[in-house]
Ligand SMILES: Nc1ncnc2c1ncn2[C@@H]1O[C@H](COP(=O)(O)OP(=O)(O)OP(=O)(O)O)[C@@H](O)[C@H]1O
Ligand SMILES: [Mg+2]
C-alpha cells in the first residue's frame, strides 16, 4: 500500500535519513521504532509532502507520490496525526473534527464519522464545544487521533501518540489504535514505547541514526538480542 | 452631559468603521504572520474607486462600496499571489523582509493614485452628508449611522463566514497552525491569497464608509495604516473580537479628543493611547482575558 524506497532527506546541509526503505501492506499495523532524533518524524513529514527527499521515491497504492504538493497528500487517503498533536488550539473540539473532514468524500459522511469518533472517545462528545487548547494532554491526543479519523483515511500515520501521557492513558490509546486497525484502517505507528508497540504491531522497522537497521515481525523483534539490549534494557 | 453622550456615540459609530479596516489587517496578520504596511494604501485605493464611481457615474458611496470591495478583493489576491507568495517561496528571505515588500506595495499604490488623481483633496458630498437626526437632545450624523450599521453587518457576516463555513474555518486553522492545516488537506498558499483578498475588501469597505467623513488624497493611506496598527495592538494581534474592541476604543478616544481638546489633536489622542497600551498593557485587551 505504502512503499518508501531508498529515501534520503536533509535539512539544509545536514542529512538525517539515509536510503530508508520500508513498506506497509493493506490492513497491517506497522511500527516504526527508534530513539530520539532517529528520524521518525522526518519520514512521516516526507510522506506527507512537507519535506522533499533528495533521492528515492514514495509510492502509495501503486502511484508515485514523491513530489506531489503537501496539501494533496490528504486527498490520497493518508491522514497524519502529528507529533505534539498540533491541534487548532482556539477552535472548538467539534471544529477541529470538522477540519479533519474537509475533502468531499469525508465531508459527505461528516456527521456519521463524528458519531463514530464520539463513540470511540466519549469525552470528546462531552467537550465538543470547548476550545481544544483547554483540553488535558490525554484528551488532546484523543482529539488529534479523532481528527485524523474524520478523513476516513486508508492509511493513518500516528507520530508518538503515547508521548507525555500517564500510563493508564497510554494503554487506552494503544487499545484504540488496535481497534482502529481492526476496523480495517491500515496504521503506520511511530513510537518510542518499544515494548508496547512491538506487542501490538504486525511488523516493525527499527530506525537508528537515519537508517533502517532491523525489521521483522513484532514478536520476533521482541526476542532480538540487539533490541533487547538497546531498547528494552534486558 | 448630552455633549459627552453625543461624543461617545459618535466615537462608537466611527470606531465600528475603523474596526472593519483593522479586522482586515488582523486577518492578514493572522495567516501571514506579517504586518501589512500597505493596508492603509488599500483603504485609500478602495476610497478612490468609490469616489470615482460617485464622480463619474453618480453612484452613491454606499452602493459604490460594492464595486470597490470586489475590486480590492481582486487586487489583494493578485498582490498576495504574485508578489508576497513569490517572496515566501524563497527560504532565505526572512519574514521581516516580507514587511519591506508591503512598504514597497504601499508606495506603488500611493504614487499610482497620485498619478491618476493628483494630490488634490477630494470629497464626496451627498444630499445626506450633513444631515442628522435627534435622539432626545443628542444629534447624530446620518452618514455615520449608516456607516456604523453597514460595518456591523459586514463584521457579522465575516464572523459567520469564519465560523460556519469550511473555507472560513480553514482560514482560522491556517492562522493557528499552518502545517497542521496542510495535513488536513488545506492548500495553505491558496488560503493566504483568499485571506489577503478578503482583508483588502474589508479595507475598501471601511474606506468607502468613511469617505463621506474624510477628505481624500493619496497620502491618507498612512493615516489608516497607523489607525489599523494601533487598533490591532490594542486588540492583542490576530483576534477579531480584539479588533472590534480596539476599533471602538480608538473611535471613542478620538471623538473625546476632538470634542474636549481640539479637532486638530484627535489623531494625537489615538497615538497617546497607543503608547500607553504598549507601555502598560503590551498584550492589548487580551491581557485581561488570557494569562
Ligand atoms: N526542522 C529541522 N531542522 C533541522 N534539523 C532537524 C529539524 N527537525 C529535525 N531535525 C534533526 O533531524 C534529526 C531527526 O529528527 P526527527 O524529528 O525526525 O527524529 P525523531 O525520530 O522523530 O525523534 P523524536 O523521537 O525526538 O521525535 C534530529 O537529529 C533532529 O535534530
Ligand atoms: Mg519525532
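Just so it is clear, glycine is given a Cβ too, placed from its N, Cα and C backbone atoms.
Note that TrEMBL annotation is computational and uncurated.
Per TrEMBL, the features are as follows:
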- B:7-28: transmembrane segment (TRANSMEM)
- B:34-54: transmembrane segment (TRANSMEM)
- B:61-84: transmembrane segment (TRANSMEM)
- B:99-117: transmembrane segment (TRANSMEM)
- B:138-162: transmembrane segment (TRANSMEM)
- B:193-216: transmembrane segment (TRANSMEM)
- B:228-248: transmembrane segment (TRANSMEM)
- B:268-285: transmembrane segment (TRANSMEM)
Out of B:7-28, B:138-162, B:193-216, which stretch touches the transmembrane segment (B:228-248) the most, going by CB pairs under 8 Å?
B:7-28
Determine which residues of the chain contact the transmembrane segment (B:193-216) at the Cβ level, with the cut-off under 8 Å and only residues 6 or more beyond its ends counted.
14, 17-18, 20-21, 23-25, 27-28, 30-32, 36, 39-40, 42-51, 61-62, 64-65, 68-77, 79-81, 84-85, 121-124, 126, 129, 143-144, 146-147, 150-151, 154, 158, 167, 171, 174, 224
Chain residues outside the transmembrane segment (B:61-84) and at least six past its termini with a C-beta under 8 angstroms from it:
32, 38, 42, 45-47, 49-51, 53-54, 98, 101-102, 105, 124, 126, 146, 150, 192-201, 203-205, 207-209, 211-212
Long-range Cβ contacts under 8 Å made by the transmembrane segment (B:34-54), restricted to residues 6 or more beyond its ends, are 21, 24-25, 28, 60-61, 63-65, 67-69, 71-72, 75-76, 79, 95, 98-99, 102-103, 105-106, 109-110, 113, 116-117, 122, 124, 196, 199-200, 203-208, 210-211, 214, 216, 218, 220-229, 232
Per the Cβ under 8 Å criterion, with at least 6 residues separating them from its ends, the transmembrane segment (B:7-28) contacts 34-36, 39, 42-43, 138, 140-141, 144-145, 147-148, 151-152, 154-155, 158, 171, 195-196, 198-203, 205-207, 209-210, 213, 224, 227-229, 231-232, 235, 237-240, 242-244, 246-256, 258-260
